[in-house]
Amino acid sequence: MRLSDCYNFHDFRTLAKRRLPGPIFNYIDGAADDEVTYRRNTESFEQCDLIPSVLRGVKDIDTSVTVMGQKLALPFYCSPTALQRLFHHQGERAVAAAAAKYGTMFGVSSLGTVSLEELRRSHSGPQVYQFYFHRDRGLNRAMMQRAKDAGVEVMMLTVDSITGGNRERDLRTGFSIPFKLNLAGMLQFAVKPQWALNYLTHERFSLPQLDEHVDMGGGAMSISRYFTEMLDPSMTWDDVAEMVQYWNGQFCLKGIMSVADAKRAVEIGCTGIILSNHGGRQLDGSRAGFDQLAEIVDAVGDKIDVIMDGGIQRGTHVIKALSMGAKAVGVGRYYLYPLAAAGQAGVERALGQLKVEIERGMKLMGCNRVDQLSRENLRFR
Ligand code: FNR
């Protein structure tokens, strides 16, 4: 199977599985506990049918949206994800370039493997910088100041990860950063020599967003220790309100699920919320974003930009979320498998396919513009 044989999410996933050592593939592919929420995220779209309209004079399809002050040519953005150079040596460089090519936003993770400054310098598209809440309040401010200095447009605080999810696939393979593989895990690296060669012949893996503040790169601290020792599970709305004020610009919370929390986000001055269960990787059993979308949009949709993520594999999934009232959606694994499969060429192919699917879907729905999609186009089974 080659890149030219990949027409959808499942094809890219299959190719990624062939190319990646098992522990790394399972780190991307896995989720928490029994992975119920992970499966449900996509299934929930299948519980909802589209009702198209015809003879509407469809001609120039405009897929653009404006979210958190950023005009995006497409109604989806690349959600922040960790460790991308582990999946392919081009890592974040590839994803940021592909996002810029298609005129959409790239999410830089604080656990990313290319520096935010480099990504900002080399790509013109809007960028959102995602980070976690640290015990050290000075460190939180230093990270925001750094993002400001780099010219990042949107700040994003992930609030659903005050402790790590129970990812049993990683426990089985021994996946951790730095690597501490068990024998079975090591064998799985040995059978993917091409990946190993690429990994070893490119620059050393590091976490530049954190290296300046925490000794991560030298292997002194594992990511799991970073979560338990550096992050602050006791953070409250007051802490976040201070951050929003400090940033004084576009600020969103990622990992909001309840109406009450969405309302609090409005009250403290956030300009966006990401309705997300972290791709099913944190609290298993939490509701699918799409199932929860109507409640959230009805409560705060006229006051704050509601973006949802989780489970998106098709243009029609994006169309359903937009019809329900999301301003835009985020994709994670949708671009990670193509990245792992073929680097920048893979991500470009995948984003291009999603764009074409959305355009085709809008035509078949009888809509020229995203704001013409509405709940009248949806029926739940
Ligand atoms: C993530 N996600 C994530 N979120 C975040 O806020 N910071 C991060 O560093 C990461 N890292 C990360 C790594 C991997 C491998 C995955 C799969 C996901 C969550 C991500 O931003 C997004 O919420 C989900 O990926 C959305 O679900 P789908 O599109 O993957 O189904």
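Note that Cβ sites are derived from N, Cα and C of the backbone, with glycine treated the same way.
Where the annotation comes from TrEMBL, it is an automatic prediction and has not been curated.
Matching S53, S109, S224 to the FMN binding residues that TrEMBL gives (P80, T81, A82, Q130, T158, K254, S276, G332, R333) identifies S109. On the backbone, the CA of R281 (glyoxylate binding site) and the CA of G332 (FMN binding site) stand 12 Å apart.
Here the candidates are the binding-site residues P80, A82, Q130, K254, G332, and by Cα distance the one nearest Y27 (glyoxylate binding site) turns out to be A82. When the Cα positions of P80, T81, A82, S109, Q130, T158, K254, S276, G332, R333 are compared pair by pair, the longest gap among these FMN-binding residues is 17 Å. Checking the binding-site residues Y132, R167, H278 against ligand 1 with a 6 Å cutoff on the Cβ atom leaves H278, in sequence order.
Taking CA atoms as the reference points, R167 (glyoxylate binding site) and A82 (FMN binding site) are 15 Å apart. The two recorded residues, G332 (FMN binding site) and Y132 (glyoxylate binding site), show a Cα separation of 18 Å.
Taking only the Cα positions, the spacing between Q130 (FMN binding site) and H278 (glyoxylate binding site) is 13 angstrom.
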